[in-house]
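Q: Before we start, here is the structure in question, set down as structure tokens.
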Amino acid sequence: NLVQFKTLIMKIAGRSVVYKYFYYGCYCGWGGIGQPRDATDRCCFVHD
């Protein structure tokens, strides 16, 4: 979910940049269609 994603980003980046992922790729944000574009998008796909 988005809370877990925010926590993960905080641990890796040391700051909250989760808002930059809301419209990233095909699956980061709400819903999604098509093939995931990269590893980050695949992570969003798995958690959707």
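Placed from the backbone N, Cα and C atoms, the Cβ positions cover glycine too.
Worth saying up front: this structure is predicted, and the values here are computed from it rather than measured.
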Q: Do you know which of CYS43, CYS44 Swiss-Prot records in a disulfide with CYS28?
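A: Checking Swiss-Prot, the candidate bonded to CYS28 through a disulfide is CYS44.
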Q: Specify the count of other C-beta atoms within 10 Å of the C-beta of GLY29 (Ca(2+) binding site).
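A: Looking across every protein chain shown, the total is 14.
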Q: Compute the C-alpha separation of GLY31 (Ca(2+) binding site) from CYS44 (disulfide bond), stating it in Å without decimals.
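A: Per the Cα atoms, GLY31 (Ca(2+) binding site) and CYS44 (disulfide bond) stand 9 Å apart.
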